[in-house]
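The transmembrane segment annotation in TrEMBL covers 6-23, 35-57, 63-82, 109-128, 156-183, 227-250, 262-282, 335-353.
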Amino acid sequence: MDQTFKYIFLLFCCCAVTSLTNVSNRKIISRLYRILLGFLNAIFILALSSATLSLTICFQNTVLSASINVSCIVIVILRCALLKKINQLKYITALLGEFKVRKAEENILWLKVLIVLTVLSQTFILAYKLSLPKEVMDVSYFLFGYTVQRKLYRDAITILFDINSLFFAFMPLLTFVLFYTAVCHRASSIIQRFGDTLAKKNEFNYEMILHSYTRIKSAVNFIDNKVGFLVFTTVLYSSCILCFALYYVMESSMFTHTLDRLIIFHQIFSTLLMLIIMSISASRVGEASSEISSLALNLPKSKEGSSFYQQRFIMLAEKEITMTVWRIVPIRRSFIFSISGVLFTYTLMFYNMNPYKNK
């Protein structure tokens, strides 16, 4: 596992998704850790569900209530899926490590910078929220309208809610996006290296070429099958946030406080950036595969004529390797524009149907 993936799994650990070290040889420590992990996640799910239900009642708005409820359900499902699939994610990094890439592609500087900026931005927002007077946030929104009289309790609830929102709700999502980006970048680099090697060859052993490309295609398809559901939940959550953001643009009078606007703008920016990075990194896999398809058609025939292995390789290369959203739709560069168009249309429709908008 290279440094980039180590940083990403360290972030997973900070989100209470995986352990920092391998404790399989110490059964007592492993058992205690699993109990603690289960306890933390149970508290998170109960707290998030309760706060979401309370917000739904307070808002009395169709679009906002639907967005908040769906995003809550998606966050819970995503966390449970990550806990279940974390070992498979580690296996994916080991699987990609079996393929050679160019030295410059092994440790990606821009991805490391992205990881650092992600952590710093989230930490800054959390620090800013914690530094504000606690009276700024009305905790009754998260307690079904119940007002806490003692200032100490209000402060404690506000701090716990802020920490819970970051480390248990939003950070696991961002960390998976970073993982998916790193995986797609490595997969596209592997395919590009295969194409570069193929273009420089003078003599062609089509049996070996077919075997190598089949191995790459099988690995990428395996990865897509394992992370497809996680990608789907990430896109669904992002759609809810963007829907919320569009509604904010049309009903900005509902959010008058500076802190509310800062949080919403930060969520909008992070979500859009997240979708763009995911779309571009995943689309590069298909683009690299299409170059292999074009290259395969121009390869010289073998000495014996059109060999069986060459024809099989051409047929295999014509079927592009693509990353998908849970096998529903392939991810292209236009994916983000399609999502934005659909969201804008339906948000506008529900906004016009909302009985509270003129009140």
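Cβ from N, Cα, C; glycine included.
The transmembrane segment (227-250) shares more Cβ pairs under 8 Å with 63-82 than with any other stretch in the list 35-57, 63-82, 109-128, 156-183, 335-353. Against the transmembrane segment (35-57), stretch 63-82 has more CB pairs under 8 A than any other of 63-82, 109-128, 156-183, 262-282, 335-353. Same-chain residues lying 6+ beyond the ends of the transmembrane segment (156-183) with a Cβ under 8 Å from its Cβ atoms: 4-5, 8, 11-12, 14-17, 40-41, 44, 47-48, 51, 75, 78-79, 82, 89, 92-93, 96, 108, 111, 114-115, 118, 122, 125-126, 129-130, 134, 137, 139, 142-143, 148, 223, 227, 230-231, 234, 237, 270, 274, 277-278, 281-282.
By number of Cβ pairs under 8 Å, the transmembrane segment (109-128) is matched best by 262-282 from the list 63-82, 262-282, 335-353. Taking Cβ pairs closer than 8 Å, the transmembrane segment (262-282) reaches residues 114, 121, 125, 128-129, 170, 173-174, 177, 180-181, 184-185, 188, 231, 234-235, 238, 241-242, 244-245, 248, 255, 323, 331-333, 335-336, 339 in its own chain, all 6 or more past its ends. Beyond the ends of the transmembrane segment (63-82), by six or more residues, the same chain brings 12, 17, 41, 44-45, 48-49, 52, 55-56, 89, 168-169, 172-173, 176, 229-230, 233-234, 236-237, 240-241, 243-244, 247, 347, 350-351, 354 to within a C-beta distance below 8 angstroms of the stretch.
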